[in-house]
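Trainee: In case it helps, Swiss-Prot gives these features for our protein:
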type     : residues                                                  : note
ACT_SITE : K9                                                        : active site
BINDING  : P93, L94, G95, G96, G97, L98, G99, G100, G101, S102, S103 : ATP binding site
ACT_SITE : D135                                                      : active site
Amino acid sequence: MNTFPAPAKLNLFLHVIGRRDDGYHLLQTVFRFIGYSDQLGFDVTNDGVIRHLNLVPGLTDTDDLCVRAAKLLQKRSGKEMLGVGIHLSKNIPLGGGLGGGSSDAATTLIVLNRLWGINWGRERLMALGLELGADVPIFIYGRNAFAEGVGEKLEVINLPPAWYVVLTPPAPISTAAVFASRELTRNTIPIKMAAFSMAQGHNDLELVAMRLQPVIAEWLDWLKGRHGSTKVAMSGSGSCVFAEFPSESAAREVLRQLPDSMSGFIAPGLARHPLSDF
């Protein structure tokens, strides 16, 4: 069984600039892929059955975005006679704001599009992915991007090489709970990316997430106390926090200082999704 990567993403900033009539929030953010991935294997069958061969603890078939993605693609493409067994090796933490579930769904769509002989273009796959979640399209798009709308309006952005220290507090957060908070700022002034410095950006979800899980503030403060970082922030709706460094050696030195009571990893920023040309 061949395996395929489903990389994590970071939101280098995340501004909430409004809310649509249907309740969805309007965002501006920059997505960056990092070299830290789940791994998925696919065993194509001819029985029309979609199976998850090793369901992740804490997830049901209903919650499993890989299975949902496969079933949606199977139905819309008319490939009901084809099935698949999906094996997921999970590395990206659940509820961490790193897009793990969305990335798994995107890799499922990208790979089965090829293995099932559907061969749709990326735009069609992105539209299908949006039905599964607002973060799924960026992983199908395959490039670091400035995103607007609910996260589906994407524009390629070229980012300099960087390394990231990502801390993983044991405090998963519900994205829905963060966005539902009355304390959430929803009126950040929209920016034009061409005239914007990444260092100016912030994450409007941080304060709400820190109230829901105070440990996030403690881990974020620890990162802010390290020297040499060019940016420190929370990713997505949390709970993971990160610091950006210009070199691998600088990132490794900070990880070396990490107290035993904390957990995390380092990863390089990627120029594009590893399956961008698949």
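Positions of Cβ are set from backbone N, Cα and C atoms, glycine also.
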Trainee: Measuring Cα to Cα, tell me the gap between G99 (ATP binding site) and D135 (active site) in whole angstrom.
Mentor: 7
Trainee: Taking K9 (active site) as the reference, which of P93, G95, G97, G101, S103 (the binding-site residues) have a CA within 10 A of its CA?
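Mentor: Checking Cα-Cα distances against K9 (active site), the binding-site residues within 10 Å turn out to be G97, S103.
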Trainee: Tell me the coarse DSSP state (helix, strand, coil) of G97 (ATP binding site).
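Mentor: In three-state terms, G97 (ATP binding site) counts as coil.
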Trainee: Determine which residues of the same chain, besides P93, L94, G95, G96, G97, L98, G99, G100, G101, S102, S103, have their CB within 8 A of the center of the CB atoms at the recorded ATP site, and list them by sequence.
Mentor: A8, I92, G236
Trainee: Which of the binding-site residues listed here (P93, G95, G101, S103) have a Cα atom within 10 Å of the Cα of D135 (active site)?
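Mentor: Of everything listed, what lies within 10 Å of D135 (active site) (Cα to Cα) is G101, S103.
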Trainee: Per DSSP, K9 (active site) is which: helix, strand or coil?
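Mentor: Assignment for K9 (active site) reads strand.
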Trainee: Provide the number of Cβ atoms within 10 Å of the Cβ of G97 (ATP binding site), excluding the reference atom itself.
Mentor: 30
Trainee: To see if you understand the setup: which same-chain residues, six or more apart in sequence, place their Cβ under 8 Å from that of G95 (ATP binding site)?
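Mentor: Non-local contacts for G95 (ATP binding site): P172, I173, S174, S239.
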